[in-house]
Amino acid sequence: MEFSQKLYQAAKPIINDIYEDDFIQKMLSGDIGADALRHYLKADAAYLKEFTNLYALLIPKMNSMNDVKFLVEQIEFMVEGEVLAHDILAQIVGESYEEIIKTKVWPPSGDHYIKHMYFQAHSRENAIYTIAAMAPCPYIYAELAKRSQSDHKLNREKDTAKWFDFYSTEMDDIINVFEALMNKLAESMSDKELEQVKQVFLESCIHERRFFNMAMTLEQWEFGGKVND
């Protein structure tokens with residue numbers, strides 16, 4: 001079994017939990033609230049900006065010009081292509097995507113996720129650690145979306161179905177490239193090192209779950225110490 005497949009197998013329980021959590025279930029039924037969608041879009045805009053920067057940090061770690069070319073293309077996709085998925089949700093809210101994200105949010109779950117990825121990029125020379133931190137994002141979105149296509153709970157009368165349709169196909173290219181890169185880099189690594197990479201991958205899966213849940217709870221920083229009049 002290739003290394004990437006071992007990672008996917010290990011991540012299955014987490015992905016199952018994400019699918020059963022409120023965000024995806026409400027998206028399937030089309031009953032998700034506008035406040036949750038706004039919070040998700042605002043937080044995701046901040047997340048994707050940093051995710052794009054991480055592609056740029058990966059480029060110097062690449063040995064192949066083909067890999068560099070693909071990463072540059074992915075930066076373009078993050079800036080332009082994925083906006084289509086965001087527009088679907090913005091239309092459900094009834095506001096333009098640009099208007100929604102004018103108000104920035106940086107919730108704890110997004111903060112911790114982004115810092116997890118940056119730590120791998122800055123502290124590990126081997127690109128596999130950064131890739132393992134980034135790869136769960138497109139993989140989980142694709143897995144959730146593909147599973148939805150055969151789920152009777154997917155309400156085709158609601159526009160949220162278009163969001164699932166988008167992610168059921170649009171992540172395939174980056175998933176395939178991340179797989180190939182991880183499998184190639186894993187060949188020269190020890191079992192102990194691969195276990196560390198697996199840990200990085202699974203931690204990102206947990207961060208993905210927390211990110212979706214963040215939207216449902218309208219998560220924000222809580223510093224306590226309320227002042228009583």
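Every residue, even glycine, has its Cβ placed from backbone N, Cα and C.
Look at Swiss-Prot and you will find C137 tagged as active site, nucleophile. Marked as active site, proton donor by Swiss-Prot: E208. Sequence annotations record features per position, and here Swiss-Prot assigns substrate binding site to D44, Y141, Y167. Look at Swiss-Prot and you will find Y47 tagged as site 'Increases nucleophilicity of active site Cys', backed by similarity to another entry.
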List nothing but the one residue from Y141, Y167 whose Cβ has the fewest other Cβ atoms within 10 Å; the candidates are the binding-site residues. Y167
Between C-alpha atoms, which of these recorded positions comes nearest to E208 (active site, proton donor): Y47, C137, Y167? C137
Subset of recorded positions (C137, Y141, Y167) lying within 10 A of Y47 (site 'Increases nucleophilicity of active site Cys'), CA to CA, in sequence order: none
If I take the alpha carbons of Y167 (substrate binding site) and the residue listed as 'active site, nucleophile', what is the distance between them in whole Å? 11
Euclidean distance between Cα atoms of D44 (substrate binding site) and the residue listed as 'active site, nucleophile', Å: 11
If you take the centroid of the Cβ atoms of D44, Y141, Y167, the listed substrate site, which other residues of that chain have their Cβ within 8 Å of it? E82, A85, C137, P138, A145, W163, M171
List, in sequence order, the same-chain residues at least six positions removed whose CB sits under 8 Å from that of D44 (substrate binding site)? H86, F211
